Amino acid sequence: MADTAPQPSKRKRERDPEEAEAPSTEEKEARVGNGTSAPVRLPFSGFRVKKVLRESARDKIIFLHGKVNEASGDGDGEDAIVILEKTPFQVDQVAQLLMGSPELQLQFSNDIYSTYHLFPPRQLSDVKTTVVYPATEKHLQKYLHQDLHLVRETGGDYKNITLPHLESQSLSIQWVYNILDKKAEADRIVFENPDPSDGFVLIPDLKWNQKQLDDLYLIAICHRRGIKSLRDLTPEHLPLLRNILREGQEAILQRYQVTGDRLRVYLHYLPSYYHLHVHFTALGFEAPGAGVERAHLLAEVIENLEQDPEHYQRRTLTFALRADDPLLTLLQEAQRS
């Protein structure tokens with residue numbers, strides 16, 4: 001069973017999902033409002049399933065592509081993506097359920113073992129629902145299952161291939177600036193160091209509902225602009241990185257009573273968006289992107305920069321790309337030539 005997270009006195013709403021679970025920068029930029037506990041409706045009428053883009057029995061999640069608003073006279077309707085995910089259990093609610101007389105159907109019984117289908121009440125049967133609407137072809141491809149391929153990017157590859165490719169894309173991060181400028185999600189900020197050069201904000205990741213600690217997940221977003229990724233880091237950024245590591249761990253300890261040795265603190269490369277940010281997750285949580293091919297522990301990043309000022313400009317970095325990613329083709333062609 002999951003630990004129960006302490007509930008702050010004025011905690012407001014949470015929302016969602018990264019990688020395949022994450023909203024794109026365009027999606028995040030659009031959500032500048034705050035949530036509400038009042039009943040609401042989906043932002044479209046009807047939903048005719050066209051395709052299951054992806055599903056995972058292990059993660060209890062499914063990604064659906066559908067047509068909406070078909071009855072409103074908009075021709076063939078519009079595309080939308082709906083992501084349905086079972087929410088984690090909460091100890092107090094489950095304990096209360098089992099103390100009562102839950103509705104059960106026996107599936108299997110043998111000696112001391114038995115399996116049932118249990119039909120929970122409404123408060124235990126919620127499904128986290130993420131909507132991407134209107135959805136573009138780019139969104140559909142993003143959530144569609146794709147094979148992954150490992151690539152090894154040299155420092156030269158980054159300067160000559162990856163960076164020009166990124167600069168050719170329209171990768172808006174206005175949603176990040178909205179958070180930093182308190183235009184959106186200000187009520188969700190757990191901690192802030194306001195220093196414009198070496199400060200940051202700490203905010204719960206959208207994948208974490210803050211109702212239990214087993215899947216604790218927060219993001220530190222630096223105030224300083226222009227640091228795109230690990231490749232940009234030099235000793236000039238050590239004060240910022242040390243602040244994020246030390247103050248982020250202290251803030252999480254104070255707020256959630258989780259010590260630093262129970263946290264995984266790391267950066268992604270490649271990141272999902274190009275403004276420096278650091279992930280804080282519960283050590284036992286298998287967070288998306290926490291594998292060795294993408295996660296770089298912040299403590300080791302700091303040590304690498306202390307020992308070699310140009311470590312991340314020189315080092316060959318390994319990461320995975322989807323089969324349909326144009327960058328994969330560019331890097332593979334360069335390595336063959």
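The backbone N, Cα and C atoms fix where each Cβ goes, glycine too.
The shown structure was predicted, so the numbers you read here are calculated from the model rather than taken from an experiment.
Within 10 Å of the C-beta atom of His277 (active site, nucleophile) sit 22 other C-beta atoms, taking all shown protein chains into account. Annotation source Swiss-Prot lists active site, nucleophile at His277, citing similarity to another entry.
His277 (active site, nucleophile) falls within a strand when secondary structure is assigned with DSSP. Per Swiss-Prot, the feature substrate binding site maps to Trp175, Glu185, Asp205, Lys207, 268-279; the stated evidence is similarity to another entry.
Taken from Swiss-Prot, the feature N-acetylalanine applies to Ala2, supported by similarity to another entry.
Look at Swiss-Prot and you will find Ser24 (among others) tagged as phosphoserine, backed by similarity to another entry.
Residues or ranges marked as phosphoserine in Swiss-Prot: Ser101 (among others). Around Ser101 (phosphoserine), no same-chain residue six or more apart in sequence has its CB under 8 Å from its CB.
Every protein chain considered, the tally of other Cβ atoms within 10 Å of the Cβ of Lys138 (N6-acetyllysine) stands at 9. As annotated by Swiss-Prot, N6-acetyllysine applies to Lys138 (among others).
The DSSP secondary structure for Lys142 (N6-acetyllysine) is helix. The N6-acetyllysine annotation in Swiss-Prot covers Lys142 (among others).
Taken from Swiss-Prot, the feature motif 'nuclear localization signal (NLS)' applies to 10-13, supported by similarity to another entry.
Taken from Swiss-Prot, the feature motif 'Histidine triad motif' covers 275-279, and the record attributes it to similarity to another entry. Note on the motif 'Histidine triad motif' (275-279): residues 173, 176, 200, 205, 217-222, 224-225, 227-229, 232-233, 244-245, 248, 264-268, 287, 289-290, 295, 298 of its chain, located 6 or more positions outside it, place their CB under 8 angstroms from a CB of the stretch.
Mean pLDDT, taken over the motif 'Histidine triad motif' (275-279), works out to 98 on the 0 to 100 scale. Of all the recorded positions listed here (Lys138, Lys142, His277), His277 has the Cα closest to the Cα of His268 (substrate binding site). In this view, the densest Cβ surroundings among the binding-site residues Trp175, Tyr274 belong to Trp175, judged by other Cβ atoms lying within 10 Å. Other Cβ atoms within 10 Å of the Cβ of Leu276 (substrate binding site) number 26 in total over all chains. Other Cβ atoms within 10 Å of the Cβ of Leu270 (substrate binding site) number 20 in total over all chains. Taking the Cα atom of each, Leu270 (substrate binding site) and Lys138 (N6-acetyllysine) are about 19 angstrom apart. In sequence order, Phe200, Ile219, Ala220, Ile244, Leu245, Gly248, Val265, Tyr266, Leu267, Leu298 constitute the residues six or more apart from Val278 (substrate binding site) in its chain with CB-CB distances below 8 Å.
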